[in-house]
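Per TrEMBL, the features are as follows:
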BINDING   HIS73, GLY114, HIS115, SER116, GLY146, ALA147, ASN174, TYR285, GLU366  thiamine diphosphate binding site
BINDING   ASP145, ASN174  Mg(2+) binding site
DOMAIN    315-479  domain 'Transketolase-like pyrimidine-binding'
Amino acid sequence: MNLLDKIKEPADVKKLNNQELELLATEIRRELVRTVARTGGHLAPNLGVVELTLALHSVFDLPRDKIIWDVGHQCYVHKMLTGRRSQFSTLRQFGGLSGFPKRAESPYDTFDTGHSSTSISAALGMALARDLKGEDYQVVAVIGDGALTGGMAFEAMNHAGHLKASLIVVLNDNEMSISSPVGGMAAYLSRLRTDPMYSRGKEELENLLNRLPHVGPRVLKIIDRIKDSFKYLVVPGMLFEELGFTYLGPIEGHNIARLKEVLQRARATRGPVLVHVITTKGKGYRPAETHPGRFHGVGPFDPDTGEPLTAGGPPTYTSVFGAELVRQGEKNNRLVAITAAMPEGTGLIPFARRFPKRFFDVGIAEQHALTMAAGLAAAGLKPVVAIYSTFLQRAVDQVIHDIALMELPVVLAIDRAGLVGEDGETHQGLFDLALLRSIPRMVIMAPKDEQELRHMLVTAIQHNGPTALRYPRGAGVGVPLTGAAQPLPIGKGEVLRQGRDVAILALGPLVYAALAAAGELAARGIEAAVINPRFVKPLDAELILTWAAKTGRLVTVEEHVLAGGFGSAVLELLAANGRERTRVQCLGVKDEFVPQGKPAVLREHLGLTPAGIIKAVQQVLEEEPMLTRHKLGTREISGG
Ligand SMILES: Cc1ncc(C[n+]2csc(CCOP(=O)(O)OP(=O)(O)O)c2C)c(N)n1
Ligand SMILES: CC(=O)[C@@H](O)[C@H](O)COP(=O)(O)O
Ligand SMILES: [Mg+2]
């Protein structure tokens with residue numbers, strides 16, 4: 001029996017000595033690589049925190065003490081050590097273990113995360129609640145150097161320092177966000193890591209400063225000032241100290257004995273403490289250490305070589321977007337591209353390489369990205385912000401207040417819209433339409449395939465006002481990518497198939513599921529029209545009202561929550577035009593969060609498939625039980 005087999009709960013980790021913990025670390029790494037090679041997941045971040053997680057479990061009393069994992073993508077080791085190892089093979093699968101911390105999954109998961117830079121705020125909240133209730137436990141936020149670039153982390157540190165609340169922030173510094181981290185904080189951390197002055201003990205330096213002679217008040221003032229400047233030069237972590245934190249570090253994050261020692265010290269310190277831990281992203285697995293960005297989040301791969309297992313296939317929406325943006329950039333030197341720490345994920349690398357001066361990675365700072373785009377637009381440029389649907393949620397006020405109110409021509413290229421799959425609840429892109437549709441002046445589009453995405457990008461770039469186009473994660477439909485992209489008439493949909501019994505309005509690539517459904521329905525004697533609405537705002541009112549009148553029955557289909565989505569927009573249109581009596585079935589996501597799973601499995605689960613559409617069509621037909629199919633074919637439609 002190996003050591004890992006004996007670990008059922010954190011108390012078992014506490015029984016191990018440092019040598020045994022090192023052996024356990026090796027076993028954990030082996031299991032991480034074996035499992036993630038099959039399931040896909042965030043391998044490199046987890047390989048980097050093996051010793052840190054073991055040290056945290058050794059020093060703190062879980063679940064009495066609380067650990068909050070920022071982003072949460074590095075919580076796999078924590079899950080293995082907290083009674084979930086037997087389910088580890090189900091990681092990120094439908095019905096299996098989540099790839100992120102989940103309170104509903106285990107009492108050892110104290111706070112659900114997924115979006116970056118929330119951990120210190122949550123930890124502060126818990127610490128304040130503990131103190132108000134007169135309780136006694138430790139609260140630890142583990143945050144990466146990338147996540148520390150997010151504004152919320154600064155807001156929380158500023159406040160925690162002000163309150164002098166006792167909490168511990170462990171800064172896991174691996175010199176990487178998904179790609180290279182951005183900005184002054186990254187540079188500061190780098191100086192802390194590399195300057196030999198900083199490896200000296202902080203106390204030693206402070207003692208030295210205090211031993212400087214005290215003389216008359218004027219001289220004292222000057223000396224104090226010199227001491228302060230000197231301190232900035234030589235005392236490690238002065239920035240954190242100024243914010244009110246006790247800074248401990250930097251510490252070698254793969255040395256368990258040292259980690260335990262410093263965490264014990266942090267535990268015994270009153271007020272906010274920051275423990276600066278230096279780790280290697282991907283530690284212990286050569287392909288991940290060599291390519292930490294690629295192994296940040298991976299699909300299934302061959303564990304022997306690190307090579308991905310996925311076969312070829314159509315290009316992704318992301319890559320088609322990226323290539324078209326470069327083409328448009330060649331024609332228009334006012335075009336600039338912005339990402340918030342996701343240059344690879346949003347397909348902007350080709351643009352960044354071709355036009356380095358017109359590309360901006362702002363770090364994990366979605367709000368800043370949107371307002372900066374507004375500034376660029378106000379000063380005459382054409383910004384395209386490429387952003388995941390889920391992360392756009394962070395910056396809705398910036399879209400309203402800084403973009404739409406001034407009618408600034410900013411393009412939101414919303415990637416990962418709809419079901420994203422194995423990342424689950426925190427990452428599904430299911431709210432963007434509801435959030436954006438309510439904003440005056442927004443033009444919102446959804447392409448049915450990757451070729452239409454090209455046309456929509458040009459439409460957005462040419463429009464003189466705020467626009468958004470939403471497209472899914474993963475491979476396109478496989479349609480030919482021919483000719484130059486052409487602007488589409490704003491607010492106009494297209495009829496893809498005629499039919500007199502019902503009209504199916506399917507948004508985005510679900511159009512193809514609707515066409516498949518219509519084919520099957522035809523074989524059963526039901527004639528379903530299929531419409532690609534293209535625009536969620538402005539809706540093609542004329543087209544939709546015409547088909548409502550023609551068939552009296554509509555089915556709307558969307559990969560989005562039903563509340564406030566495309567179907568809602570159609571219902572509002574019908575109501576506003578006295579067509580309330582049109583029979584409508586709306587397919588989409590009901591009032592619930594959608595868990596992790598392969599997108600195809602999730603679509604099956606949610607009925608967003610040809611079979612689900614057929615069922616919805618049957619329902620709108622059955623709402624009129626007096627009619628037979630034959631009668632339907634000859635029935636005179638009175639309309640709404
Ligand atoms: C609000 C938000 N924006 C973007 C992301 C995507 N994202 C996930 S992890 C990550 C990098 C985090 O870097 P770091 O905190 O240093 O963790 P590491 O993976 O290096 O351990 C990014 C940008 C996110 N989860 N949340
Ligand atoms: C943890 C996180 O937020 C990202 O790493 C995210 O998982 C990336 O998703 P994609 O795989 O869709 O780029
Ligand atoms: Mg990092």
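Every residue gets a Cβ built from N, Cα and C, even glycine.
The structure, with features from TrEMBL marked on it.
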| residue | record | contacts (Cβ under 8 Å, 6+ apart) |
| --- | --- | --- |
| HIS73 | thiamine diphosphate binding site | HIS42, PRO45, ASN46, GLY99, PHE100, GLY297 |
| HIS115 | thiamine diphosphate binding site | VAL71, THR390, PHE391, GLN393, ARG394, THR426 |
| ASP145 | Mg(2+) binding site | LEU171, ASN172, ASP173, ASN174, GLU175, MET176, SER177, PRO181, MET185, ALA186, LEU189 |
| GLY146 | thiamine diphosphate binding site | SER116, MET176, SER177, ILE178, PRO181, ALA341, GLY363, ILE364 |
| GLU366 | thiamine diphosphate binding site | ALA340, ILE387, PHE391, LEU392, ARG394, ALA395, GLN398 |
Model confidence over the domain 'Transketolase-like pyrimidine-binding' (315-479), averaged pLDDT: 98
Cβ packing number for ASN174 (thiamine diphosphate binding site), 10 Å threshold: 23
Binding-site residues close to ligand 2 - of HIS115, ASP145, ASN174, only those whose C-beta is under 6 Å away: none
Listed binding-site residues with Cβ under 6 Å from ligand 3, out of HIS115, ASP145, GLY146, ASN174, GLU366: ASP145, GLY146, ASN174
Assigned conformation of GLU366 (thiamine diphosphate binding site) - DSSP reduced to three states: helix
